[in-house]
């Protein structure tokens, strides 16, 4: 099957498509896109489960590290004021991890924007295709109604006026039959009328879901950014309470990062399977949802020389019928108007209707051709399989950097917290405050001396 213009599966699509897949029993699953099959669903869920396994291992590692740090720490001699050796290295490693996390946040914002652009391109292509199909339906309806009105009024009037000339009445009735044939042939061009699938509704649903997905990622990125900034502030000010709060928040963001990583990986794998060969799946799905014939769907989705236009016969017959009507009206104008002056008005009205019908017919020929809808199909695939997939990969990279940086931070923060001076809790107290321990001690000594 031919690919849409301008779309070729990228290297990332080929690479992800080649990754092995397995169900819950670890049996191999074909990489063809089949979301309705249980084995394929299990394969994608297994990708999400791998992210859950990574989260579990991270939490176990952090817990073991912290338990070892708390239980196996060498007690500091009383009165020691100098920090233990290696304290600066711990602090700087924590700061480096937070800076890596900030860099990952920047990558996440870029990936979120790319994904949103790709989905927006998909939605715009669906709206443009819906506009084309609606324009076809509108032109067909308008033209058929105009021809029907001409048959009921002008041609009927013309037959009554020319009742004395049998051959002229026969010519008028021939124009009537041709107009009815044109209306019948044009009605078959509105192939989307009555189809239960609404491209407008699909585009609105896609935009709705994407809006909330984009907002959720923005909130996650901002949350992690605040955690990184306040953690750096806590380290700079050596504030124990701020570091403790940010440690809890870092644990929460770590869980969210691993969760988003699983969803991103499963979506990227499934999207690569779809984008490697989208025509077959889209054809089958559209035929199932719309009930349209395979000849029409193949014409618009493939749009190559090997597929003939299923409307070509209708267009040819309509064009011939319009030419015959035009010829018959010209003959009636030459023969009937000199003898029946009252026939001039319906003939002029019929000429005007014929001109409008021919103009609508030429627009229908352009709209029914596969170029426009096939171009929308290619734009939708490029948005979904290029921009959106690239954005997902950047989001996946963000999640990896975020998970690694936060795990390192959670291991480093307790050690950095242990290096803070004991007076940290009283840095912000007033020296004249009677509740200050140092001031209370001096007050007791002064009272005893009295």
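Including glycine, each Cβ sits where the backbone N, Cα and C put it.
It should be emphasised that the depicted structure is a prediction, and the values quoted were computed from it without experimental measurement.
The transmembrane segment annotation in TrEMBL falls on one of the ranges 170-191, 192-213, 214-235, namely 214-235. In TrEMBL, the transmembrane segment annotation falls on 43-67 of the listed ranges 43-67, 118-142. If you look at the transmembrane segment (43-67) against the transmembrane segment (214-235), you find fewer than three C-beta pairs under 8 angstroms, all six or more positions apart, and that falls short of contact.
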